[in-house]
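What follows is one structure encoded as structure tokens, with my remarks underneath.
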Amino acid sequence: MTIAEERIDRLHALARTAVREGHEDRARTYVRRARRIAERNRCGLDRSFKRFTCDRCDVYLRAGDNARVRLQDGHVVITCSCGAQSRYPYH
Ligand SMILES: [Zn+2]
């Protein structure tokens, strides 16, 4: 694991905790910071991080807290509290 990946991993955990504690703005800050590190280092965000961040408002999505997850036509549909939806194929 590179230093960049370790930092991203740490920010991922911090964002998840922030959402759990109701601090969505703090979670957005961590998500944006992680994205910046990923861009600068061209290492990309891991898939789970990508999936659990909202493309519109950058918040970390946590099912049951600020995100609704349901299955539809073989897809996972995640709805953020801002109203944005993302769909992924269900494996
Ligand atoms: Zn959102």
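Cβ coordinates come from backbone N, Cα and C, glycine included.
Annotation comment: TrEMBL describes Cys54, Cys57, Cys80, Cys82 as Zn(2+) binding site. Cys54 (Zn(2+) binding site) carries neither a helix nor a strand DSSP state and counts as coil. For Cys54 (Zn(2+) binding site), the Cβ neighbour count at a 10 Å cut-off comes to 24, with all displayed protein chains included.
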Binding-site residues listed as Cys57, Cys80, Cys82, least Cβ neighbours within 10 Å: Cys82
